[in-house]
Amino acid sequence: MKRVSTAQRNGREMRRATQQKEKENIGAPPEKKRKFNSISSSEVGLGNENHEVLCPSNGQAEPCASQQDVSEQLPNCKGEWEDGKMWSEQVEALLNAKFLTKAKFDIKGRNEQMTEHIKKLRSCIRHFRQIEASYVLQIEQLQNLSREEKLHWEASEVAMAEKHTQISNNLSISQDRCAALEKSLVAAEEQKKDLLATHERDVSELEASQHSCFKLSGELEKLKLDMKAVEEKVKSLQDINKRLSEYNTSLQDYNSKLQNDASSAAQENIRTQQEKIAILETLSAIRGSAAALQTQLDSAKLAAEEENKQKNLLHNDLEWIRTELQQCNEERHQYQIQNQTLVDENNRFREFTGRSASELESVTNKAIALEESHDLQSEQIRNLLHQLDASNSKLQALELSLELHKKADADHVGKVMELQLKLSEAEQRLNEGEIIRRKLHNTIQELKGNIRVFCRVRPLIVDEEDNELAHSVVQYPQAGELVGHGIDLVQAEGQKYAFSFDKVFGPDVSQENVFEEISQLVQSALDGYKVCIFAYGQTGSGKTYTMLGQPDQPAHKGLIPRSLEQIFRSSQALQCQGWKFRMQASMLEIYNESLRDLLVTPKSDSQKNDAPGIAKQYNIKHDNLGHTQVSELTLVEVTNWREVSSLLRQAAQSRSVGKTAMNEQSSRSHCVFTLRISGVNESTEQQVQGVLNLVDLAGSERLSRSGATGERLKETQAINKSLACLGDVILAIANKEQHVPYRNSKLTYLLQPCLGGDSKTLMFVNIAPDSKSLHESLCSLRFAAKVNACEIGVPRRHTTSRVVPI
Ligand SMILES: Nc1ncnc2c1ncn2[C@@H]1O[C@H](COP(=O)(O)OP(=O)(O)OP(=O)(O)O)[C@@H](O)[C@H]1O
């Protein structure tokens, strides 16, 4: 605690009082203020110093007692002072006072005036002395104050010095800190530089993202517009939605069941894949051992055959020996009989001794010879018997080894049968796995919403086979994942162009096998989906063969007859579940950018010569649900394949077909077969609306190669133009452009719901394998690859609960 001296306290109090007085005087009238606060020395005539006039007794700027005394002694002035007139004026007036008398020499009067005046002057002088005394007092007080202030200043000096040292200490600490801070500042500067660089980068990125943001916001705007349109659509759909809600719940159940099925199928698929791999491994092992066993079996069979041959030979030998033996036995028997007769004769001769000795001798000789030959024959027989024994033992040995071989053969056959059984089981499992894999693949493709693409390569046809220069330029991957999916075009220089699609069919694949791959897709038309299958490719590449084929020849029937057969078969089968289907077929062609009805029947003879349906104006319209209507088009109710078959025949007669340099029977138009399917389930009140579009496009061709002129040239140009429009549409969809030029051609406008809607769409790209067609094949495959990349949305099933009975 600091001690404050009394003088200091007094000085402070005086200053506080003075300040207080000044504050109070601020509001006082100017006259009074001047009176109490400041009387300049010039005003009182006491010098030039400018001092405040303070009352010496209390130190306050108030009229003090002495002043009052003076005014008492100056009765004439008292009233003026009380009136507040200024002292300076009074003193001035006092000093400038003139003495006026009535008479020029009124000395007395003048004397009185002078006396009075002197009194006033004296009182004034007294007053000023008092003021001076107060000043002196004040000076003393100020000196005291100054001393105290000095002491105070010295104390504060010391404190300041202490503080200074403290501050200098602090300063050095701060300098250290400052140095550290500078260091960190440098580091921070570097960091800042880095940060600035990253900032710049960020800024440029920001700019880029702002740019993309700008773009996106543009797109967002567009999307908002689309959204609005969609919202309007949604409103209109809400009504339908209400009706669908019930059906939806049942569908959800079905869906969840399907999802469960799908997940279990996926697991099953994984399991099957694993099993497939294991089976393939065992299969290859089994095949290896089967092959080894087969070779063993073959060699055993050969050995057995050899042994059989030997056995037969031996058998023959044996037979021969046996017959020889028989002969010998018979001869011996004969000899024995002869001998016996001779012996009998001899005996008789001996009995009847009438015979001559020569006769006897000859007979004896005969008998000896006979005996000798008999001995010889006996020897021979013995030899033959030996041989027979040897042969028999050999035969027995052979029969034993044959028996052994037969046993081994039976073992081998058993093993082979077992292996074949295993093999067929493995193959069956492999097939099942493949079916599941295909189903899953189809489901994935449907979920992805892509247009699926199958590629089909036709065989070299007779002319091409005869032409030595023409050879196949198509190759297929032989191993790995691309087997069945990959196709390579190989140029003469060895350059290879590789493509892959959902499926690739080589030239040996039959119509039936191709149909197997699309039968599920066709089936979904009955389930209420829009299905579109179209064939694309250069002229003569096999589009018509794939789509239509030869409907009357079972092996060469194309997709259209097979699909319809299946649809009618399945619809029949579904009848027992309460389903009733109504089917309407239509068939049109787009020829030189105009539509022609292929099912219209000419009414009169004159009309018969006209091209059918050419006079009518056909307009294509799509409704909100994506259903396409062609005005004036003939719709024929069909209930079985036979009816459709006759329609196809009728359409084939009406179709624009002509001979070109590249195809004997070239389709000069795009042909669209449509089957509209409406199904109602009586028991569940469900309705389905499916559509099956099967399109055989006209073939693209290079004018330079086709050499078309006249009408053919016009046709070719129209075909190429509409295919180019199809290409533009595909490109726009693949690039997700906002505007897709569907209306640029009749073909693209007609196929709009299939190319950009919610249908299940499959394209066949047909390829001619000959080297001359390499350029066209390359173009077709490139186009097909683009089509494969097109996302057209998830296919939607068109079903409702029943409203109007059909
Ligand atoms: N997979 C195949 N097997 C056997 N022959 C085939 C095959 N594909 C096509 N062909 C034969 O090739 C020839 C041309 O086929 P197709 O008429 O179907 O071609 P296209 O592509 O329809 O031609 P265009 O565009 O000119 O109408 C026909 O004789 C056809 O029988």
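Using N, Cα and C of the backbone, Cβ positions are placed for all residues, glycine too.
According to TrEMBL, the protein has these features:
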| type | residues | note |
| --- | --- | --- |
| BINDING | GLY537, GLN538, THR539, GLY540, SER541, GLY542, LYS543, THR544 | ATP binding site |
| COILED | 171-345 | coiled coil |
| COILED | 381-436 | coiled coil |
| COMPBIAS | 10-25 | compositional bias 'Basic and acidic residues' |
| DOMAIN | 450-790 | domain 'Kinesin motor' |
| REGION | 1-37 | region 'Disordered' |
Neighbouring C-beta atoms (10 Å sphere around the C-beta of GLY542 (ATP binding site)): 24
Cβ atoms near GLN538 (ATP binding site) (within 10 Å, other residues, all chains): 25
For SER541 (ATP binding site), the number of other Cβ atoms found within 10 Å of its own Cβ: 28
Cβ neighbour count within 10 Å of GLY537 (ATP binding site): 30
Chain-internal residues, separated by at least six, CB under 8 A from LYS543 (ATP binding site): ALA535, TYR536, GLY537, SER667, ASP696, LEU697, GLY699, PHE764, ASN766
